[in-house]
Amino acid sequence: MDSFRDTKALKYLRPSQVGPMAAGLSAFGASELPAVEEPSTIWIPDDKLGYKLANVVERSDAGVVVKAKNKENVFEEMDIPSDETQEVNPSAFELCEDMASLTHLNEASVLHNLRQRFLLDLIHTFSGLFCVTINPWRWLPIYTDQVVQLYTGAQEHTPPHVFAIAQTAYSGILKGGGDQSILITGESGAGKTENTKKIIQYFTVVAGGGMSRMCKSATFNSALSSSSLEEQIAEMNPLLESFGNAKTTQNDNSSRFGKFIRIKFGSDGIVVGTEIESYLLEKSRVVSQNVSERSFHIFYQLLSEGFPASLKQALNLRMPASSYRFINRGGPDSDQVDSINDAVDAQHTDRALNTLGFSPDEKLYLYQMVAACLLMGQLKFTERTGFDQTFIDGTAEANDVCALIGLKTNRFVDGLTEPTMKVGDQLIRKSQNLEKTLFSVSAVAKSVYERTFKWIVTKCNSSLRAKGAGKQSLAGRLAHFLT
Ligand SMILES: Nc1ncnc2c1ncn2[C@@H]1O[C@H](COP(=O)(O)OP(=O)(O)OP(=O)(O)O)[C@@H](O)[C@H]1O
């Protein structure tokens, strides 16, 4: 592992000096513990820290007498039941890279090890086959191509890193170990999406040498360009994020759908294609959001300055984001997010569509469907009091919607206010009240958006599908817990 010594990233991968036990435990009050003749420490529960260190005074069958700080910050002896204490590991295990090797594998030691490593910017820690990654919320220089090279072909004793997991799976494929899978899981904002992208980056660097298959596609300005499979794979995530991610209170770029990514390798170990399966898109977000949250990014991108004014006009989008009912439920100014630049992202989305082979007509169709969903929220209705009857209140908005989805306005409106029902063999039209009409509008908008999203995934798959016979595949299973 000499190569690991020669990189600046080493500081974030494997520091040369592992701090002594006392330094490591100082955050938990070890240096403040009173000296005892035969020092022996133990983890005891703590309201604030989870666990804190205490000196063992005496052990008995019933429990342990320890000396530790009380709530008033004064040392005192306390009786702690045995099942509430946890053993402390020998100092040799301080900052240990693989927690499966801990002498005492208990919750307090795991939390302590992860915390101590995190304080030194060591965000990855192995636990047997698993790699625990703590989101640092700032980019450390540990994902460069140089670091990718360090892990390429490396077999063992590599510092913990998501690339090590990718390399293990890749080695499994090269050695004929059959299909491999990587499970990425965690709460919202934990870093699942970003780590997935890093794994894909790893494969496109180490196994992307042969990815020269080109596709023809159109740019924002309808000029023709070519993209390699490598570029297409890289653009797949940002594209799906525009349509399937949204700002939530926990994460400004939260995936509101689950995904299963399958990467196909040829017999020479080169990536030959990718497939994605999406499930459980949170379509209710199309028509409503919680306070301080947003709808899917694409809506705000279409309304941003980065989206061509002529296209906006063609899509009947004439107002700012805050004026559209379906996307302004998050409250005033909820469309403005410091970490998001919708104008720049709009251009990126369009480029990604080009890269993934969407034709100008397909892109327009896509934008029309998104705009139609948005405009459905502007439809106005009145109710005839005392009767289950609703009428459209002005047809301008309905005309805007119908121009985009290619329906006759009167048929569209009738379908919402007087839907056709099948009774026995007969089709009858039944008028409905305002509440049910508004419910129908929301249902149509959600359904159109969901189908559009699925169509994007299908189109991406047809661009990224392995053209030759893939030998083995690596499937990244992403459990995205929607909150
Ligand atoms: N390894 C990392 N280094 C630096 N920042 C990170 C890292 N991982 C995640 N982040 C930051 O945390 C944010 C949230 O991460 P991410 O979107 O990957 O979470 P997630 O687990 O996919 O969340 P959700 O389930 O809501 O989709 C990212 O936008 C990024 O700013």
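Even glycines carry a Cβ here, placed using N, Cα and C.
As written in TrEMBL, here are the features:
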type	residues	note
BINDING	Gly186, Glu187, Ser188, Gly189, Ala190, Gly191, Lys192, Thr193	ATP binding site
DOMAIN	37-90	domain 'Myosin N-terminal SH3-like'
DOMAIN	94-483	domain 'Myosin motor'
Number of Cβ atoms other than its own within 10 Å, given for Ala190 (ATP binding site): 17
Contacting binding-site residues, sequence order - Glu187, Lys192, Thr193 vs ligand 1, Cβ under 6 Å: Lys192, Thr193
Helix-strand-coil residue split for the domain 'Myosin N-terminal SH3-like' (37-90), DSSP-based: 3 helix, 32 strand, 19 coil
Neighbour-count leader, CB within 10 A, binding-site residues: Ser188, Thr193: Thr193
Reported mean pLDDT - the domain 'Myosin motor' (94-483): 89
Intrachain C-beta neighbours of Gly186 (ATP binding site), sequence separation six or more, cut-off 8 angstroms: Lys192
